[in-house]
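Lifted from TrEMBL, the feature list:
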type: DOMAIN; residues: 38-449; note: domain 'Major facilitator superfamily (MFS) profile'
type: TRANSMEM; residues: 36-53; note: transmembrane segment
type: TRANSMEM; residues: 76-96; note: transmembrane segment
type: TRANSMEM; residues: 103-122; note: transmembrane segment
type: TRANSMEM; residues: 128-153; note: transmembrane segment
type: TRANSMEM; residues: 194-218; note: transmembrane segment
type: TRANSMEM; residues: 258-276; note: transmembrane segment
type: TRANSMEM; residues: 296-313; note: transmembrane segment
type: TRANSMEM; residues: 325-344; note: transmembrane segment
type: TRANSMEM; residues: 356-378; note: transmembrane segment
type: TRANSMEM; residues: 390-413; note: transmembrane segment
type: TRANSMEM; residues: 425-447; note: transmembrane segment
Amino acid sequence: MKVNHSVETNVNKNTVFSEQVAEEQEEQQEKSSLKYIVLILACLLMFGNNYSFDNPQALQRQLTQDLDISISKYNLLYTAFSFPNIFLTLIGGLIIDVLGIRVAIMGFSAIVVIAQTIIAFGGLFKSFWIMLAGRVLFGSASESLLIAQTAMIGKWFRGKELSTAIGYIMTMPEIASAANSFVTPTIYDHFNGLTYPLFFSVFLCFLSFICGVVLCILDKNNDKKQKELQFVYKDNASEKSEQVEKVSFKDIKSLNGTFWILILICTLAMGAYVPFLDDANDFLQEKFEFSYVQSGRILTLTYLAAAITSPFLGPYVDKVGKRRFFILITCLFFSATHFLFGFMKSGYHDKPNWFSIIPLITLGMSYSLYCCVLIPSVQYVVQQRVIGTAFGILGMFTSTSMALFPILAGYIVEGATSKEEGYSTVGFFYCGVSVFGLIFTISLYFFDKQSSIILDFVNPENPTKEEQEIMKNIKQANNEQLGVFEDIDDDLLKIEGEDNDDDENVKNDGFWEKNQRYLVSSKGFSTPKLAANKTVHERTGSLYY
């Protein structure tokens, strides 16, 4: 009877296990189709935000005339947007990590709607200061909303899918910016005032808010299903409960050298892109002799170039890796583009220089590379649990450049003998900024090779055996830097899915403390799956890299 009972028990267990496997496969298929919906909603989440952000650029000449303001005062609309984020994006990142991505998306997108409404009333009453107050509030929520969107994408798309997802995500905002450059001046001309184009932006922000609400509902329902699935598997997993690690400012110390170099490159790249476009409408009119309607329409080429190339660049980068090389190409593109803006001949007696279209297109391609290469690279070198904090730091640095550079550009133009000469100097100024980004990129090859090598892997979170061998060789070549960590456990280099001996996987707290310190050290390798290693080991008894 005992034997029969044992056999019956094993049969029941096998049956239950088969049912669980079938349920898991069905769950994976459902999640795969849900990813596409999440991706679309995440794209639409930032549409209204990006359309509204560049309203001043599309109405630069009209704003300076209707509000009777100088070019420096006009640039304050962008400085007011970026200045609060020097401090608030880090707080926003912590909010995302502590309160959750969904709370952040709904809260920040609601603030964006309110802020754009204030800006629209500023246009209605022709009050520069009301508009400026609205831009401050708009900026304080906009960048944090972008961080929340990026964190949401990082949650749903990992490994080789990340650059592809980011590529598609960055398409929609560029389409929004292109639509703003084309539609906003048209609405202004039709109604002959600031009120209607600005309130149309409010309407688009509200639609994006609705998309954010739907996105959060889908994400919450998916989390519930995942918890139910984990509950089904509890008999096959470890009985230890998962402990959620709290995020603190101490986590900033664990960010390695590669992260900080990437932050500096991103700061300079964004500083050469966004502030330039802030004045691009007037730039094209004063230097290349385009009309304000022509300028608005031609600027759509920059956004369309980014929107068209991003869906192709993202999958290609995911396929080949080599992200350090693509970062180098990004900085070269930015440098060459701004050099052309400064070097090219001006228009002559209302005859536009149509060759200026070339650097406008390459500028969009440069931004596409930035989105598909640099942003995913940041996610690869930090732990998933602090992704919000990491992007908060990134937002703090990029906001500094976006707040400072428009002011400098305004002083350069106003200090020149003519606007034409001033804008030529501005082109060379942004070229110099991009060259500094190029220098920091080169440092990844020579001064930070050991930590940054993972960026060249096709899937930095799950290196192939050949890529693991490369890491081992680099470790051996840097013994003087790794002397403290020579006893690193080889299990850390195992690939997910390998069969591991249960007896060998019994790790104590000292093991995890030692290897965590190694992997996040600026002298060692880094991986965003580090924080999950111990949790997965406790649940399944296995270890993955």
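Including glycine, each Cβ sits where the backbone N, Cα and C put it.
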Integer mean pLDDT for the domain 'Major facilitator superfamily (MFS) profile' (38-449): 83
Proximity of the transmembrane segment (103-122) to the transmembrane segment (36-53), 3+ C-beta pairs under 8 angstroms: yes
Criterion met for the transmembrane segment (425-447) and the transmembrane segment (356-378) (at least three Cβ pairs under 8 Å): no
Chain residues outside the transmembrane segment (356-378) and at least six past its termini with a C-beta under 8 angstroms from it: 150, 162-163, 166-167, 169-170, 174, 259, 262-263, 265-266, 269-270, 273, 276-277, 284, 287-288, 298-299, 301-307, 309-310, 313-314, 317, 323, 326-327, 329-330, 333-334, 336-338, 340-341, 344, 390-391, 394, 455
Cβ-based contact of the transmembrane segment (390-413) with the transmembrane segment (128-153), 3 or more pairs under 8 Å: yes
Long-range Cβ neighbours of the transmembrane segment (194-218) (under 8 Å; 6 or more residues past either end): 34, 37-38, 41-42, 44-49, 51-52, 55, 58-59, 62-63, 66, 102, 105-106, 109-110, 112-113, 116-117, 119-120, 122-124, 126, 152, 176, 180, 183-185, 187-188
Intrachain residues whose Cβ lies under 8 Å of the transmembrane segment (325-344), provided they are six or more past its termini: 265, 268-269, 272-273, 276, 283, 288, 317, 353, 355-356, 358-359, 362-363, 365-366, 369-370, 372-374, 377, 423-431, 433-435, 437-438, 441-442, 444, 455-456
